[in-house]
Amino acid sequence: MEISWGRAMWRNFLGQSPDWYKLALLVFLIINPFIFLANPFIAGWLLVAEFIFTLAMALKCYPLLPGGLLAIEAVIIGMTSAAHVREEVAANLEVLLLLMFMVAGIYFMKQLLLFIFTRLLLSIRSKMVLSLAFCVAAAFLSAFLDALTVVAVVISVAVGFYGIYHRVASSRGEENDMLDDSHIDPHYKTVLEQFRGFLRSLMMHAGVGTALGGVMTMVGEPQNLIIAKAAGWHFGDFFLRMSPVTVPVLVCGLLTCMLVEKMRWFGYGETLPEKVRDVLQQFDDQSRKKRTRQDKIKLIVQAVIGVWLVTALALHLAEVGLIGLSVIILATALTGVTDEHAIGKAFTESLPFTALLTVFFSIVAVIIDQHLFAPIIQFVLQASEHAQLTLFYLFNGLLSSISDNVFVGTIYINEAKAAMENGAISLKQFELLAVAINTGTNLPSVATPNGQAAFLFLLTSALAPLIRLSYGRMVWMALPYTIVLTLIGLLCVEFTLAPATEWMTQAGWLATLS
């Protein structure tokens with residue numbers, strides 16, 4: 001029997017999302033106009049809370065859909081205007097170009113990155129050294145590339161290796177279903193569980209590595225570019241200004257990596273079973289024998305393009321997005337990727353998040369028009385200049401751990417810049433606050449998958465169910481990093497940031513906005 005029209009519409013609305021989630025969004029959409037008529041300020045804050053809710057519930061439904069509906073309604077009822085949204089998008093065009101072109105560009109360098117991580121996995125036998133190598137490699141790559149792409153590469157390595165061993169363990173060849181363990185011998189199951197634990201720990205180390213490296217440079221995370229643009233910093237300026245906080249945090253993060261592996265705390269410490277290593281080594285040997293001269297040239301070309309990418313970013317030869325576009329052109333032209341559909345696949349990872357970021361800017365426009373953060377900013381600015389840094393760091397960290405750090409970073413840097421332009425704070429203080437905001441949004445956000453896009457990508461990937469990586473387990477395994485990164489970051493903002501910045505300014509290392 002066919003369902004009713006009403007039931008059909010309900011099923012189509014937000015698709016497979018739970019009924020309670022659909023109902024909650026409908027309630028939001030119904031009550032918002034009435035609350036806006038009664039009190040625009042409260043309605044604005046309610047909209048922000050609703051939007052954060054959609055980000056927190058990203059596993060129920062991709063936030064672009066519910067967040068987009070809320071943003072469209074906000075424009076319709078007059079909380080902001082389409083013209084203001086366009087202005088916000090135009091002001092942040094560099095970030096959108098970064099996401100569109102840089103992520104797509106790195107897609108065409110995946111073979112090189114896969115080669116690097118595969119060699120790491122099979123050539124290093126010590127689990128502690130291997131974990132450290134994955135963390136350092138992810139941190140270095142994320143300082144120049146997009147963290148999402150780095151995690152995507154590590155995921156593809158892990159899925160590939162898991163599939164190879166699972167096929168051997170199940171004896172089902174190409175017909176093997178990686179989610180089905182029913183055909184696996186009990187002995188193999190024990191080895192498989194150990195292998196899952198090994199992959200879980202490596203993925204978490206790599207994920208945290210992207211946060212450690214991503215906070216250090218203006219291209220490491222999307223919000224970094226927004227903050228750098230607001231402060232007028234180039235690549236070198238940004239790195240130096242962040243270093244009083246980010247370098248100690250990096251060192252302590254790597255020490256934490258070694259400690260949890262050594263002590264086998266928080267689900268870490270599992271080693272790669274020898275039986276699995278033998279299977280993977282055989283597969284890698286076969287792959288290397290099959291690698292043609294053409295394949296080897298592709299790897300060399302990608303490595304040269306990687307050098308160009310790092311050089312162009314460091315010397316600020318063009319806007320970040322345009323450098324990414326040059327990577328796309330060079331990588332496709334020199335490796336023989338000429339089909340439109342093959343090129344189009346490179347954009348599938350970045351465009352949904354680019355669209356979501358545009359929705360962010362709509363909510364930012366509402367925040368500006370309704371002066372939502374004015375009371376918070378006034379409260380913070382009433383404190384001493386020294387205390388302001390700590391408060392900005394903590395407020396950013398708290399919000400970033402439950403919401404998306406791009407959203408939070410954009411809001412706070414806009415408010416801090418407005419305060420400087422209004423004469424409430426000095427230029428010198430604004431530049432210190434920009435560092436506190438950047439580190440506050442990047443470091444504590446490793447607490448949950450909601451804060452780091454790369455973590456959320458890992459949680460929603462095909463790998464997560466294979467290695468039994470749930471939301472709760474991810475939060476638990478991230479906990480030691482969350483504590484160390486947040487506390488060390490706070491101490492550095494409190495004690496080392498101002499004196500180190502002053503020393504670098506006097507030494508002539510730092511340029512200042514005029």
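Backbone N, Cα and C atoms are what each Cβ position is placed from, and that goes for glycine too.
Since the structure is predicted, the reported quantities are computational estimates derived from the model, not experimental observations.
Non-local neighbours of the transmembrane segment (23-43) in the same chain are 14, 50, 53-54, 66, 69-70, 73-74, 77-79, 370-372; each lies 6+ residues outside the stretch with a CB under 8 Å from one of its CB atoms. The annotation transmembrane segment is assigned in Swiss-Prot to 23-43 (among others).
According to Swiss-Prot, the feature transmembrane segment maps to 63-83 (among others).
Residues annotated as transmembrane segment in Swiss-Prot: 97-117 (among others).
Look at Swiss-Prot and you will find 120-140 (among others) tagged as transmembrane segment, backed by sequence analysis.
Same-chain residues lying 6 or more positions outside the transmembrane segment (144-164) and placing a CB less than 8 Å from one of its CB atoms are 98-99, 102-103, 106-107, 110, 113-114, 117-118, 121, 134, 138, 176, 178, 195-196, 199, 202-203, 206-207, 210-211, 213-214, 217, 219-221, 279-280, 283, 309-310, 313, 349-350, 353, 452-454, 457-458, 461-463, 466-467. As annotated by Swiss-Prot, transmembrane segment applies to 144-164 (among others).
The transmembrane segment annotation in Swiss-Prot covers 202-222 (among others) and is backed by sequence analysis. Non-local neighbours of the transmembrane segment (202-222) in the same chain are 95, 98-99, 102, 121, 130-132, 134-147, 150-151, 154-155, 158, 228, 233-235, 238-239, 242-243, 246, 249-250, 253-254, 257, 268, 313, 320, 357, 405-406, 438-439, 441-443, 445-446, 452, 454-455, 458, 463, 467, 469, 474, 477-478, 481, 485; each lies 6+ residues outside the stretch with a CB under 8 Å from one of its CB atoms.
The transmembrane segment feature in Swiss-Prot is assigned to 238-258 (among others); the stated evidence is sequence analysis. For the transmembrane segment (238-258), the list of distant contacts is 128, 131-132, 135-136, 139, 205, 208, 212-213, 215-218, 224, 228, 431, 434-435, 438-439, 443, 480-481, 484-485, 488-489, 492-493, 496-497, 500-501, 504, 509-510: same-chain residues at least six beyond its ends, Cβ to Cβ under 8 Å.
Panel annotation: around the transmembrane segment (303-323), residues 93-94, 96-98, 100-102, 105, 109, 112, 144-145, 217-219, 225, 234-236, 330-331, 334 of the same chain, lying at least six beyond its termini, place a Cβ under 8 Å from a Cβ of the stretch. What Swiss-Prot lists as transmembrane segment is 303-323 (among others), and the listing cites sequence analysis.
Taken from Swiss-Prot, the feature transmembrane segment applies to 357-377 (among others).
Same-chain neighbours of the transmembrane segment (391-411): 51-52, 55-56, 63, 92, 221-224, 226-227, 357, 360-361, 363-364, 367, 373, 376, 380, 383, 433, 436-445, 447-448, 450-453, 482, 486, 489-490, 493, counting only residues six or more beyond its ends whose CB sits under 8 Å from a CB of the stretch. Summarising the annotation, Swiss-Prot assigns transmembrane segment to 391-411 (among others) and lists sequence analysis as the type of evidence.
The transmembrane segment annotation in Swiss-Prot covers 447-467 (among others) and rests on sequence analysis.
The transmembrane segment annotation in Swiss-Prot covers 475-495 (among others).
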